[in-house]
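Okay, structure first, notes after.
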Amino acid sequence: MATSVQTGKAKQLTLLGFFAITASMVMAVYEYPTFATSGFSLVFFLLLGGILWFIPVGLCAAEMATVDGWEEGGVFAWVSNTLGPRWGFAAISFGYLQIAIGFIPMLYFVLGALSYILKWPALNEDPITKTIAALIILWALALTQFGGTKYTARIAKVGFFAGILLPAFILIALAAIYLHSGAPVAIEMDSKTFFPDFSKVGTLVVFVAFILSYMGVEASATHVNEMSNPGRDYPLAMLLLMVAAICLSSVGGLSIAMVIPGNEINLSAGVMQTFTVLMSHVAPEIEWTVRVISALLLLGVLAEIASWIVGPSRGMYVTAQKNLLPAAFAKMNKNGVPVTLVISQLVITSIALIILTNTGGGNNMSFLIALALTVVIYLCAYFMLFIGYIVLVLKHPDLKRTFNIPGGKGVKLVVAIVGLLTSIMAFIVSFLPPDNIQGDSTDMYVELLVVSFLVVLALPFILYAVHDRKGKANTGVTLEPINSQNAPKGHFFLHPRARSPHYIVMNDKKH
């Protein structure tokens with residue numbers, strides 16, 4: 001049976017050090033068009049999600065991650081130890097499954113960029129063309145990862161700087177020049193438009209995109225154990241991350257919102273739309289650079305998708321290690337890639353992609369359903385995280401931990417309940433059709449989302465119920481936790497949701 005090796009970690013991670021290894025999560029360029037559809041109120045949504053959801057998740061996860069014996073294993077360990085192994089298995093499964101669906105909006109963004117580069121609109125508009133192209137890209141990227149992940153983190157680092165950070169900086173700079181020139185602005189930015197119109201429920205649906213942008217912080221919580229002064233530095237690091245996310249996402253989203261009217265924003269290609277308008281206004285003689293920027297964005301998101309293919313499956317591998325999955329899922333190739341888990345995830349992605357792209361028309365509705373489905377699946381894991389934390393506070397107050405949410409039991413419960421209620425609110429509004437989906441499409445939106453969610457929701461519980469867990473998974477594999485001292489180069493440029501939590505050690509070789 002696979003085993004886990006505990007490695008000593010020097011407690012030398014500072015506030016800025018922790019911020020640096022977590023900061024990659026605040027850049028979400030492919031979500032900017034969705035943010036922009038809410039106009040100036042996107043700032044309100046970012047503040048709401050940051051204060052009422054991101055901070056509670058970060059604080060609750062950090063305390064659970066520092067309980068003696070729970071330092072490794074993440075959500076699986078925390079939920080298993082508070083609610084039981086069935087729920088722990090479900091929680092980590094939802095984290096694995098949401099990645100499978102989360103690939104779809106990212107692939108749509110890639111196709112949007114590629115359609116601009118090749119001047120081939122059908123690639124972003126025709127469902128069949130879109131489906132075939134997305135499947136080819138997905139499986140081609142997967143093939144690059146089956147050979148091992150030795151260079152994945154380095155590729156992600158280059159992709160982050162050249163394909164995400166640089167285009168985002170150019171977008172913001174062009175938008176600033178556009179605004180300074182006195183060009184017409186598509187939105188109003190004042191105290192009235194700061195708040196969304198709460199009388200229109202459809203306007204609140206976009207909140208799910210903002211929640212998605214904050215998801216994944218719990219994956220970095222284990223590094224709290226490496227901090228020299230977690231009680232002081234960790235809450236400050238969370239505040240810094242929230243401020244950085246709000247500032248960058250606000251500027252990025254508003255750069256699109258003030259240039260493209262909300263009802264004209266293409267969620268897959270909105271960034272390229274914006275670059276086209278900005279460049280034609282600021283420097284029409286070099287409008288060809290839009291295709292260069294599109295290529296950078298394309299490479300950035302391709303690198304991101306590639307880096308997400310193996311990491312979550314390695315995280316899920318801990319369940320195969322504990323024989324909560326059939327033995328076939330414990331299979332590793334010679335390069336340390338859990339091939340059955342990876343292929344299973346990509347098969348789910350492929351099936352969902354085919355259904356959503358062709359049933360939803362391959363347009364904004366497909367993008368929105370994929371986005372909402374990703375969020376509601378992941379929220380199921382967060383429900384368990386918050387409930388597990390409440391159980392920890394009420395039933396296990398004496399368990400030793402190195403970080404405590406300051407303020408005592410009452411404050412801890414308030415933080416967890418606020419996070420849980422915000423999760424429930426986001427979950428409910430996810431099933432409401434957005435304002436830009438009208439007529440018969442609203443019924444199709446709800447039906448597709450509900451049916452898809454129920455199918456995915458049932459998978460972990462069915463698998464847990466039918467699998468005989470009495471045997472042992474004889475894998476001959478050792479898991480060595482990754483920390484800030486032994487992490488591979490470029491590891492922390494990956495989004496926390498995409499990082500492998502441990503090395504795979506086989507035949508004395510570390511992968």
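A Cβ is built for glycine as well, from the same backbone N, Cα and C atoms used for every other residue.
The model shown is predicted, which means the values in this text are computed figures rather than measured ones.
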Looking at Swiss-Prot, is ASN404 on the same side of the membrane as MET227? yes
Counting CB pairs under 8 Å, which listed stretch among 14-36, 41-64, 289-322, 363-396, 444-467 touches the transmembrane segment (127-147) the most? 289-322
Compare 14-36, 289-322, 444-467 by their Cβ pairs under 8 Å to the transmembrane segment (202-225) and return the stretch that comes out on top. 14-36
For the topological domain 'Periplasmic' (431-443), the distant same-chain contacts (Cβ-Cβ under 8 Å, at least six residues beyond its ends) come to 37, 200-206, 262-263, 364-365, 368, 372, 376, 449-450
Under a Cβ pair cut-off of under 8 Å, which of the recorded stretches 152-180, 289-322, 410-430 contacts the transmembrane segment (86-112) most often? 289-322
Test the contact criterion for the transmembrane segment (289-322) and the transmembrane segment (41-64): 3 or more CB pairs under 8 Å, pairs 6 or more apart in sequence, then answer yes or no. no
Under 8 Å for C-beta pairs, could you tell me which stretch among 338-359, 363-396, 444-467 has the largest tally with the transmembrane segment (41-64)? 363-396
